[in-house]
């Protein structure tokens, strides 16, 4: 039997329309101050770990209460995850820190089928969530009241400079005829069910970035972990699991000659990866995080279709923003090039601001366009990259079912947690006899609402969202 433990903090919200604040993510216009309320479901008699496998938080956004359901990203680190830095005399110092009880989560908003979330819960809640089609960021406020957080839209983060930020890859659509043709193909839903693939990622931090963060290894580690958690979430729709295998920080000096021309630095980094890094530890792909200013406002570069090649399975990314999410999007973009994805063409790809846009947009870029999916499918078919087929060593990337965590896991039909729920049997996580559903905007008294019942009122010019009569979810109408 499951007992639900409610840990109530304090729920409040204070909007600050038109005001500005300096946060870790940068200067922010228009934000709300919220005090999240934590709701935790634990088995009776269970010892609460420092960071639970599943958590729930309630707070308000634009005056409306939302419930954020989080589940620990157990596939974030490989089983043999390692960290390397260097002594003053150049010796490698490698450790294998315990990462079992880490603080990085993925999740969703209750009753919003299209929602996603990528959150660090290390010191308060920090990350992003998608709610009703809008991307919001959340992070703790440095106030005497430690529970205060700021919630704000992505586009309300002020630009750190006005110069456009570009990917340095300049190959065009005509550069590969097979890929060009792939962009014109129609993929059936069956074809778009991508096979499960795994990328064991190595991240290398250059000396300039190490110095930028005051030679604070812990601060860099935290930033990188947040970044990879975000990248992992963005690749989930493609059925790609990104696992951090190693973090190598050039704490004493750069181990290659850093150049302002991005492709030159990428070539040197690829040579170093092939001759040095791969001999230290096996991995599938390496990214170099740097503080160098590349020519042409370039913030990233990667080899096209280089995944699994010893020299070319690399990318380089400038740490161009204090906002971790923005740098994570750039790294996601460069990994996409290594997976065969070209830049989105504005005339051929129907996506206003997708991940593979050549220029960073003011609007959130956390989705792959249909063109990108076609490119990736073609890369899998033509190049058959072998290194990303095998799963990492970790065997517990699928969590043990935890009743009451609001995630439908293996073997569960419903997930309520409370024995008093009339629709769901908390002991078995199965629907009770006669019940069609237990939760959702189109579920009422354990039954699906009638077809055409309004489940979400229109916003702007969009039509009302209506139930299908066959599901508890409220689908978004176009």
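Cβ atoms are placed via backbone N, Cα and C, with glycine included.
The signal peptide feature in Swiss-Prot is assigned to 1-20; the stated evidence is sequence analysis.
Among the features that Swiss-Prot reports, site 'Not glycosylated' is placed at 293, with the record citing experimental evidence. When secondary structure is read from DSSP and collapsed to three states, residue 293 (site 'Not glycosylated') falls in the coil class.
Classification of residue 334 (active site) by DSSP places it within a helix. For 334, the entry in Swiss-Prot reads active site.
Residues annotated as domain 'Disintegrin' in Swiss-Prot, with sequence analysis given as evidence: 400-478. Averaged across the domain 'Disintegrin' (400-478), pLDDT for the predicted model comes to 73.
Among the features that Swiss-Prot reports, region 'Disordered' is placed at 459-478.
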Spatial neighbours, same chain, of residue 334 (active site) - Cβ under 8 Å, 6+ residues apart: 167, 287, 300, 301, 302, 315, 316, 317
Residues near residue 293 (site 'Not glycosylated') in space but at least six apart in sequence (CB under 8 A): 260, 318
